[in-house]
Amino acid sequence: MDVDSRMTTESDSDSDAAAQGGGGGGFGSETSSASPSAPGTPTAMGAGGGAAPIAAAAIAAAASAAVVAGPRPAPGYTVVNAAMEKKEDGPGCRCGHTLTAVPAVGEEGAPGYVGPRLILFGGATALEGNSATPPSSAGSAGIRLAGATADVHCYDVSSNKWSRLTPVGEPPSPRAAHVATAVGTMVVIQGGIGPAGLSAEDLHVLDLTQQRPRWHRVVVQGPGPGPRYGHVMALVGQRFLLTIGGNDGKRPLADVWALDTAAKPYEWRKLEPEGEGPPPCMYATASARSDGLLLLCGGRDANSVPLASAYGLAKHRDGRWEWAIAPGVSPSPRYQHAAVFVNARLHVSGGALGGGRMVEDSSSVAVLDTAAGVWCDTKSVVTTPRTGRYSADAAGGDASVELTRRCRHAAAAVGDMIYVYGGLRGGVLLDDLLVAEDLAAAETTNAANQAAAIAAASDIQAGREPGRYAYNDEQTGQPATITSPDGAVVLGTPVAAPVNGDMYTDISPENAVIQGQRRMSKGVDYLVEASAAEAEAISATLAAVKARQVNGEAEHSPDREQSPDATPSVKQNASLIKPDYALSNNSTPPPGVRLHHRAVVVAAETGGALGGMVRQLSIDQFENEGRRVIYGTPESATAARKLLDRQMSINSVPKKVIASLLKPRGWKPPVRRQFFLDCNEIADLCDSAERIFSSEPSVLQLKAPIKIFGDLHGQFGDLMRLFDEYGAPSTAGDIAYIDYLFLGDYVDRGQHSLETITLLLALKVEYPLNVHLIRGNHEAADINALFGFRIECIERMGERDGIWTWHRMNRLFNWLPLAALIEKKIICMHGGIGRSINHVEQIENLQRPITMEAGSVVLMDLLWSDPTENDSVEGLRPNARGPGLVTFGPDRVMEFCNNNDLQLIVRAHECVMDGFERFAQGHLITLFSATNYCGTANNAGAILVLGRDLVVVPKLIHPLPPAITSPETSPEHHLEDTWMQELNANRPPTPTRGRPQAANNDRGSLAWI
């Protein structure tokens, strides 16, 4: 193999005719020339669908922000005086190394917490020839490969301290000009060149999850990119490792290789991207934006000419990858530079031009602002390439840019801070650590939110055309908590602190709404009809479960749906040993969890003197505890994940959804029923949420304070009312100091299932540690095919798009966690414990993704069972929902709490008239958050607010009277209302608890249990 024993420091043969700045235009597949836009006219970056695939309004918003305020220039750097215990802890002088940011491990303040770190690996520590003289040609001094290292150094950002790591395991060989990227808390190393020539193509992983770091060599099947150096690598979409270009010892390359980290066995796949990509080159940089867009910047081509253009690479939903030229005019060509994203801004530093020359002065630091579609240097927006050098003493000159005049250095970002280490300047190796802060990061985020909101409105009005795709059916696979001294959880004493409007308290009798005297409306007769359709839907699934049990299949090893990218949740060892602490069957909840003696209620009136009034009612006024309403299970006809054209915009889908829908006070039902997201965006949102859900356990471990929500069933207006009255999950609301837990049944029955589920998923992606979702019985294809969600998807998105969306959502539902433990004292689930669940470990052992028909009786009981009519009915009884389902008595509740050292079960699943209902002497609470369920129940909706002191406060809203004029009176809405009414008439919910049951429901028979 023709490999030099050294790498020249700059260009092997230079040319003064450096490539000029990259062209403008939209960031899409139709951009094929480098002609710039009019000077100062920014364009936003998207991908995969033409010059301007994202909404024009969003582009205009970004451009407007750029014109009014102007994108911030590139920041200046300062030297960091880092500490180290001994000299060898510091990396020292070196170049050709890598610097990789690794996120924090654990919760800050908790034992074992490790803050964000920078991991420096390898590089060369010496030069060939006379290091005092800068090299000028191919025959002059270069990196001395005998001085290449395999050292690992760690910079702790929080403590500002360097240390040298000594990992166990088999380390990579010494090397420089290699690549590295982070995959979670692991650093992946590949390629490079060392004393023995080109390094092998093996992937080496430095695992930092344990206290003692460890090297692993990843086993990869089949052919790969082969040995090379001067190439680039990045993790795209938190999934695909992409390796591009470099030099194989003979020539520069332009090939693209991908490794799917979610598919085992691992294998490299050579990609053939469409569109105009970069020429064969080496010493470029590649950085991945958070939404999955990769930007390749600069480099040196086969003629040793430095390149100026930047290229974006994106993956379409149909599996295609596509190159597109980034907009804007680069201030300078460069190679052997460093680049890293901070939000939507790509920070580029240093670089060489060849012939001993480096990028200097204002152009030595540059930013590609992908929100505005422009390049900036330290002076201003760049409209023409900088051909000359700024004088250090000229007006506005900044001598600090001399710090960044270097090449062969490395950069990484932690939050809004950009770090640069080492490199080469004038033939001298550097050992300094630099830092800069991107002050524009917050502004970019705000601009993105604003643009997203405008884009959402534009989409609704214009009706965006979905991307190309096809589908087919395929079976796929926190803060410290203050508790009471004895550590117990408590159901109620002092009044919890008011939230938002709660300070307007009115407890006068004339304003109180007495729940026990509520009159039965016409809807009662309608609700009394047994829901035969729901019984049929669930009975088939239950029969399949029983058949498997008869055939001897283990309940704790349910069949799971599998997909190429499915990662099963970890199965924990079951321990069915009872804890020492036990509750007696006749006990009341011990000091610990307490139900507050007053519930907070919002007046039902929409206006007038009582409009929006909040008052508190005694819990004793909610004594009618036998009034629940019911409804409907699943064959999982899920579609294979199809890859649709994706728009690469910094206005990420979650931000767009939140900006469009999270309007607690101002949301109104859309006049047009067409949903504002297309399939591309639905797929993006589901992909992001699925990555989070798949990493969570089946039983979440949560901390107080927390708000708990019951069934929502597509009643998005009620969700907004609850957010308006009792706080919303946003930075302007209370997300910073209280978590949110939703107990399932997000879709079906109501008219806005799409709004409900997409907002909750967006909130989960935006606040993954603060917003928690578990699965309900309607999060299953068999059920939501019958009770509204499927027909809503088709009605609002068209048949093809709607069916695809319905399939994709149901595939996501199979990943949802199944229960949540709060402070190890309260367990939250959707249905109940039924006949089979005696220990929490049984739920923990359910592996996901899981479908209802592949699940066990444990899953059926968890999602479908109910408490008996009242505390006097013990044991197990048939359930009116359908054959094979059960209700469980207060003795089962007490036994379960005894077995698991728990004090309270919070569950949803049943429409209770007051929004919440106590059972088993207060050891179980049923929670329902949608009001006037199915338009007939006239029930209140409620949430539970659990404080740090473990006091539970119910907070209620009542049904609103119908508005006199609203968008709902439009002809389009009349059609929508007709199909929803017909659906509910054909598939009525189960009657309220305590009301007359259908004659054919033999609730006394135990023969089939």
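Cβ atoms here come from the backbone N, Cα and C positions, even for glycine.
What Swiss-Prot records for His778 is active site, proton donor, and it gives similarity to another entry as the kind of evidence.
Secondary structure at Asp711 (Mn(2+) 1 binding site), as computed by DSSP, is strand. For Asp711 (Mn(2+) 1 binding site), applying a Cβ distance below 8 Å and a minimum sequence separation of six or more within one chain yields Leu743, Gly744, Asp745, Gly776, Ala908, His909, Cys911, Phe928, Ser929, Ala930. The feature Mn(2+) 1 binding site is assigned by Swiss-Prot to Asp711, His713, Asp745, with similarity to another entry given as support.
The compositional bias 'Basic and acidic residues' annotation in Swiss-Prot covers 553-563.
The feature region 'Disordered' is assigned by Swiss-Prot to 1-48 (among others).
According to Swiss-Prot, the feature region 'Disordered' maps to 549-572 (among others).
Per Swiss-Prot, the feature region 'Disordered' maps to 984-1009 (among others).
Across all of the repeat 'Kelch 1' (136-182), the predicted model scores a mean pLDDT of 85. According to Swiss-Prot, the repeat 'Kelch 1' annotation covers 136-182.
As annotated by Swiss-Prot, repeat 'Kelch 3' applies to 293-344.
Here Swiss-Prot flags 349-396 as repeat 'Kelch 4'.
Annotated repeat 'Kelch 5' per Swiss-Prot: 417-463, in sequence order.
For the repeat 'Kelch 3' (293-344), residue counts in helix, strand and coil come to 0 helix, 27 strand, 25 coil, using DSSP. Cβ-based neighbour count (10 Å, all protein chains) for His778 (active site, proton donor) stands at 30. Neighbouring residues of the recorded Mn(2+) 1 site, listed in sequence order and excluding Asp711, His713, Asp745, comprise Gly710, Leu712, Gly714, Gly744, Tyr746, Val747, Asp748, Arg749, Gly750, Gly776, His778, Ala908, Phe928, Ser929, Ala930 (Cβ within 8 Å of the Cβ centroid). Reported as a whole number, the C-alpha separation between His713 (Mn(2+) 1 binding site) and His778 (active site, proton donor) equals 9 Å. Cβ neighbour count for Asp745 (Mn(2+) 1 binding site): 31 (other Cβ atoms within 10 Å of its Cβ, all protein chains included). Secondary structure from DSSP puts His778 (active site, proton donor) in coil. The number of other Cβ atoms within 10 Å of the Cβ belonging to His713 (Mn(2+) 1 binding site), over all protein chains shown, comes to 30.
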